[in-house]
Amino acid sequence: MRLLSAGLPSSARHLLEVFPPNPASPSLKSASSLSTPPGAGGWSPADSDHYQWLQVDFGSRKQLSAVGTQGRYSSSDWVTQYRMLYSDTGRNWKPYHQDGNIWAFPGNTNSDSVVRHDLQHPVIARYVRIVPLDWNGEGQIGLRIEVYGCSYWADVINFDGHVVLPYRFRNKKMKTLKDVISLKFKTSESEGVIFHGEGQQGDYITLELKKAKLVLNLNLGSNQLGSIYGHTSVMTGSLLDDHHWHSIIIERHGRNINLTLDRHMQHFRTNGEFDYLDLDYEITFGGMPFSGKPSSNSRKNFKGCMESINYNGNNITDLAKRKKLEPSNMVRAFSCVEPHTVPVFFNATSYLEVPGRPSQDLFSVSFLFRTWNPSGLLVFSNFADDLGNVEIDINEGKVSVHINVTLVKKNRIDISSGSGLNDGQWHEVRFLAKENFAVLTIDGDEASAVRTNSPLQVKTGEKYFFGGCPRPHQHSLFQHSFQGCMQFIHVDDQLVDLHAVEQGQLGSFANVTIDMCAIIDRCVPNHCEHGGKCTQTWDSFKCTCDGTGYSGATCHNSIYELSCEAYKHLGKTSNYYWIDPDGSGALGPLKVYCNMTEDKVWTTVYHDLQMQTSVGGNSLEKLPVLQLNYSATMDQISAITSSAEYCEQFISYSCKMSRLLNTPEGNPYTWWVGKANEKHYYWGGSGPGIQKCACGIERNCTDPKYYCNCDADYKQWRKDTGMLSYKEHLPVSQIVVGDVDRPGSEAKISVGPVRCQGDRNYWNAASFVTSSSYLHFSTFQGETSADISFYFKTSASDGVFLENLGNTDFIKLDRPFSAYLTWPDLVSFSFDVGNGPVEIVVRSPNQLNDDQWHRVHAERNVKQASLQVDQLPLEVRKAPTEGHTRLELYSQLYVGAAGGQRGFLGCIRSLRMNGVTLDLEERAKVTPGVKPGCSGHCTSYGIYCANGGKCVEKYNGYSCDCSKTAYDGPFCIKDVGAFFEEGMWLRYNFHSPGTSMKDLVSRTLLSSADPEITVPDLSLNKEELSFSFSTTKAPCVLLYISSYTQDFMAVLVKPSGNLQIRYSLGGTKEPYNIDVDHRNMANGQPHTVNVTRNGRDIVLQVSCRLSGSMTCRYSTPFSFPGCHICKHGDCSGV
């Protein structure tokens, strides 16, 4: 090992050449390596600033796996944070990336201890450059470094964009079910075909670059009729024209494809129905073959380098090097030709100042740039002799030129061109100005160049500023500095020598990095979930979730409820609703019909098959197949059936000389296909494994010798119908009909929608009865996106809901990922992904230990973390722009307890993590101290039982008992009423306990289903009466209540249409009448009457609907005897 200076001051930058004694040594040590003997010191430049670096040359490419650092021996000099750059050539540097960011390694805290970092992914490079970012404030930069790795070797082929490399098949044709193709490439071109193969039957496979992204086009076969369309195109990656190595692996098995680019794998299935890839003659690398399709001739060949090309076990690069390919002289360069470009990287505080040729009458600049920011200053220069200045900037994705002219009245000339130039691609800008003329050209498109002939006098100045200015210029319109990269900078038709600028020989600069473009595509991989659209600036990205059905910073949270059951408990009524059965999971939302007229909610999913679809007239060679297309995918329906308590689907087979199951012992003629494409040979009303129809189960078939009515083969129409209720087999996706090929054979098929009842996930609960009890589940997988939601109820003041620990090297606290109740009115959510602990707290204005159900929703993604309790405002913490983003956990998930903390006492239900419901009940059945289910639902949901309905506790929820009310429905809000014709009446008998009698009804409209009616709590001291009516008939009796004595009560409409209440309570000769004279009640409008009596105190309330817009309420309290009456009305808008 020896220390070399690269012609630079030794106090500034250093280059180290390393010659390991053993080429396979796992440790590649520099001259300033760790554990240096006393006196050896280490690297410490004379100037400690941000322009210092230490470079190591390993002599050849190595595979690097770790880096370790120490401070300078026995000193106060050490580096606390640094970046690592790497390169194959000592030019065109690439910063080490981790978690989607340019990584900053934590350094040392003293001069002696060793801090080692294992790289998240190996780096292959010959050169490594360490750039200190921060150091000990009481000393200066000091560093000893050790790099760990091993040898690396690979054959390289250079492609010049003209010559391609063919691999010709021995048998001239290649028919494969499986393929594995792998290679590495690097290029500075954004377009080019990497490899291509095709067959005469229309099969093809092409891998190419388009706009610096990787595109795989594949077709396993199509037919001429167009019913089978096999073309499949998949795009991945971004910014692949950076002239750094990228790795590709394509693995195909039939229609299943794994496409891996730089360790990021994408799985997909090809279109069509074929599994084999049929290629003819050859597959070519580096471009299209000369005999390719004419439509493909416009595609550019690949220009760059490839290595380690492997096609189905054949090492193509090795065969080419040994001249085993035909023709053997196609490839002549087996080393990589490097481009001569020198990029320069600008951040938000950068500028680059270069000299021009002053006092020229022609102003000319050109350059290439790439950025994600829509706006930023590109170039600024003052004319000589105070003639004005020129400013070029990018503004809202366009390049604009502003020429400030001081010698004419119109003192500014503005021109602009281009659009969407902040797309991360390289774009060329050329601007030329001379007397009374200027032209702006973007991307060499002369046809769209923008010109102006405004009065203009040009005399070039001495300095040109790129990317920004040393300080904001008073004449500059645009003050935002440029963030991005530039290359091929020309000033006054001269290429700027950026290496001379870097070495201080030309111009000046601040906060720029020369020979590196550190652009990052923050939308690849796309963190916007569920089809959210990703847009970005240089520092961040944004997800647009419009039209996806999801919301949040990364479109993670569904905007719809999980089930019809959830809508019911929001007070919704029967209707069509969008539901999302797996919440934030991969399944999208679907539209279903929610029937909420019963205690259990029915969820209905429809299909497009018409009822009584006729089938007939086909041959046995091709059986008729009826396909059912649902309004949801099979996976979505499966999510509904899996969580439901019960599912059913009606199915019917009407037949005339068409046998169904061919019972009792024959092979079925007709069958249906259910979930997972499984065939089923039972029919509605029967069950799996029973080749019978409903009549066979009930033993009432038309012909007892058969188990289906249709199997008797009658010439008259017969029918076999019933419900399919084995939900693991539902839904019906196909019906194959067999016996319809004979003369006179006919069949008609009817299939109803899928109907499912209940939602086990919504009420899946566990009760924690001791503070030391907990449930455990497998490790939670939520590296970049995690959400947790659940309901809880408790009377305890604190306790941990759940916890999951991570690796000690990665997680900083013993409670890195948890949610817990710390005070009666406070919920806390904390986690640590390696950047330090983060805690989010929500404080409720009311105590949360009130034994009521409360909902908690916590989420953490790469952009932010949030916590919400009930309907309280969402608490949000933004994620840092740099640092760790992956949540790596290793322990089991604990629910109800955490290490060193008080456990949770109470109930937790409907616990979902990333869309998956954890089965608390099943785990609680085998866990001491935890009970399945939870009682006390009525304490939270009893308010939904309206109109006097009684809340009834159930094991997995509650129901409303409406039997003592005049209402029906799940919440006792549906009126129970009837239409009375003149002369009709209904009699209802009350009687004392122990007696029984039947209703006596004359021309009865309604009658009780029970023959005996007992009223155990009959009281004669008070009553409450409530009913509604509408009529146009006056006079009429609305209601009459008699007793065993002479007492009675009556409600009637007088001939005038006024309402009258008559009471006889004994002690008076005449009944007491209460007249409501305010309005005509026989006006056909609905009116509500409420009478409450307690002893001799009576309160009367009457509500009447006025014409269209008002409700009028009257209230009359009075007492017997004496009858002090106070009537009043209260009218309010509705």
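Any Cβ shown, glycine's included, is placed from N, Cα and C.
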Candidates C907, C951, C960; TrEMBL says the disulfide mate of C934 is C907
Counting Cβ pairs closer than 8 Å to the domain 'EGF-like' (519-556), the top stretch among 156-336, 764-934, 935-973 is 764-934
Residues satisfying Cβ distance under 8 Å from C934 (disulfide bond), sequence separation of at least 6: A765, A766, S767, K793, C907, R909
Let me spell it out: take the domain 'EGF-like' (935-973), skip the flanking residues so only those 6+ beyond its ends count, and list any with a Cβ under 8 Å from a Cβ in it. 568-569, 571, 596-599, 601, 758, 760, 762-765, 767, 793, 851-853, 907, 1026-1027
Quick one: DSSP breakdown of the domain 'EGF-like' (935-973) into helix, strand and coil? 7 helix, 12 strand, 20 coil
May I have the DSSP-based helix, strand and coil counts for the residues of the domain 'Fibrinogen C-terminal' (555-607)? 5 helix, 19 strand, 29 coil
By a simple count, how many Cβ atoms lie within 10 Å of the Cβ of C907 (disulfide bond), its own Cβ left out? 23
